[in-house]
Amino acid sequence: MENAIELRELTKTYGTRRGLAGLSLEVCAGEVFGFLGPNGAGKSTTIRLLLDLIRPTGGTATVLGLDPRRDGVELRGRVGYLAGDFVCDGRQNVRTYLRFLAALRGGVPQERIDGLADRLGLDQSAKIKKLSKGNRQKVGLVQAFMHTPELLVLDEPTSGLDPLVQQTFLDLVSEAAAQGQTVFMSSHVMAEVEAVADRVGIIRDGRLVALDTVAGLRAGTVRDVRITFADPVPEAAFAQIEGAQQLRLDGHGTTLTGRLTGSPDPLVKALARYTVTGIRLTEPALDELFHSYYAGAEAAPRTTPAGTATTAGTAGTAA
Amino acid sequence: MNTAIYTKSLSDSRRSLLGWTLGTATIGMMYASTYPSQKENTASLPEAMREALHTDATAAGYLQTSVFGLIVPLLATIYGTATGSRTTASEEESGQLDLLLAHPLPRSRLLLQRFGALVTGAVAVSALVWVAMLAVRGSADLTSITPVEFLAQCVNLALLAIVFGALATGLGAASGRRVVVLAGTAAVGVLTYTAHAFAAQLGADWLARLSPFHYYIGSEPLKHGFQWADVSVLAGTAAVLVGLGTAAFARRDVNS
Ligand SMILES: Nc1ncnc2c1ncn2[C@@H]1O[C@H](COP(=O)(O)OP(=O)(O)OP(=O)(O)O)[C@@H](O)[C@H]1O
Ligand SMILES: [Mg+2]
């Protein structure tokens, strides 16, 4: 089997509200897929469709080669799921509750649960109700990972986690991927996904608007450049370089600064003819690219005061 | 078969179930114990009034109006409704159902095992009421009713709780909303109780046949023992309600 998830023209309407508007997407087995989008884009809707918690209005979804509706039980046995707003019965302590959830899956080794809880710093003797938001989120993470599922479907997994635990979580994802598990995780933040994801999909208004590898996305973005030369360089030396239209030489012809769009490769090749004394290329600002996809979303925040913004659907002015 | 849901439901509700069993049995026992002092009062009532109250001076007649006619079935109905609303509706409303239903179990199993726990509780409550009645049978002058006749009434009591539990379960499974469960069950409870109580006066016996209370006590199990037709109607009604609920639940979206 090649694809862990296959979505074809998936639509979902809630009464008259749009949930998804024709989403097609493939997630390969063994990859880490980052699923990004602004609030209300349809991320949670997609994820809940995968687990047969809700049913599509149109289109088809195939998960691990199974139809969620027909083979829901088998499918869910092979998937670990963390809901976007993880809530659970809070009356018992963490250990008892995790054991109950494990029993629903026919049992999970206690060492596995203990190991995960220890790594995340989760106190299993605490009553769930009394836990802080972040610690409750850890319960959700442990239950999603504990049975080492073939596919992890995680809806905003890092919400509420402190930076150290976020890092532990990213380690868990990398380890899962190294073992051949597939990870499908949604997020609002490019920075957290780009560290672990092989590919990223961006969804807006119920549709996929971008799909690429992290490297590919990066290739289309802008970097700040500063290069110094030992000897003055002819003014037109870099004029023909692809993506270098915004680069400028200073008066002495020894310092090149500005912004480079796309791959740095053509510029690097052109530089080889001169003696370079210093070079600085900043990391591409992926977030900026991401923002350009965010802006214009129906649900994106507006800078116009609420009273004047009467028509929904006009492009947002926030960016 | 994985019975984790059933076991957890029972263990989660063990305290409240203990309260229900002891409370219902104690109240039943207290009322039943007043029979010797109430006997004279009832006997002195005018004939027409006794008719209206469906009572007579016998032990069975007294228990049918007081203990088994009002207090205990009311408690059983409330038990069924409260427990039934927790089958799925409460958790669905608080968003907790997502987690359980993301596990490898069919929705029907969740529903049926929770309902199974409800049935277990209803049986426990009724069983203790039966034990309580046997305990005061001698001292409260109730020996004209045999233990089997008591048992027949207590079985119907369990079934009454189960029918209302099934109604609450079904409404919750179909709608996912607690308010629908509570309003729906309360409305059905009041209407069917009224139908049972006043059908005779209205000259509309068919009306009583729509009421679970009719099958619960209408054939006077305290005098005539087990009425298998009534037992089947109650059990069948519960099965149909849960069945409909399960089908509706399997078909719809789970609210998050
Ligand atoms: N149960 C529901 N009833 C009606 N509309 C719904 C329901 N669930 C989701 N929606 C609508 O569907 C759209 C997509 O919602 P969804 O929860 O999938 O967004 P999301 O991408 O997960 O957003 P967020 O980042 O805020 O979690 C939204 O416009 C939302 O209002
Ligand atoms: Mg969401």
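Yeah, the Cβs are placed from backbone N, Cα and C, and that goes for glycine too.
Predicted automatically and left uncurated, TrEMBL annotations should be read as such.
What TrEMBL records for this protein:
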- B:17-37: transmembrane segment (TRANSMEM)
- B:57-79: transmembrane segment (TRANSMEM)
- B:115-138: transmembrane segment (TRANSMEM)
- B:150-172: transmembrane segment (TRANSMEM)
- B:179-199: transmembrane segment (TRANSMEM)
- B:231-250: transmembrane segment (TRANSMEM)
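Between the transmembrane segment (B:115-138) and the stretches B:17-37, B:57-79, B:150-172, B:231-250, it is B:150-172 that has the most C-beta pairs under 8 angstroms. Residues 20, 23-24, 27-28, 31-32, 34-35, 38-39, 42-43, 121-122, 125-126, 129, 141-145, 149, 153, 157-158, 160-161, 164-165, 189, 213, 216-217, 220, 222-223 of the same chain lie 6+ residues outside the transmembrane segment (B:57-79) yet bring a C-beta within less than 8 angstroms of a C-beta in it.
Residues 10, 59, 62-63, 66-67, 71-72, 75-76, 79, 121, 124-125, 128-129, 131-133, 135-136, 139-142 of the same chain sit 6 or more residues outside the transmembrane segment (B:17-37) yet have a Cβ under 8 Å from a Cβ within it.
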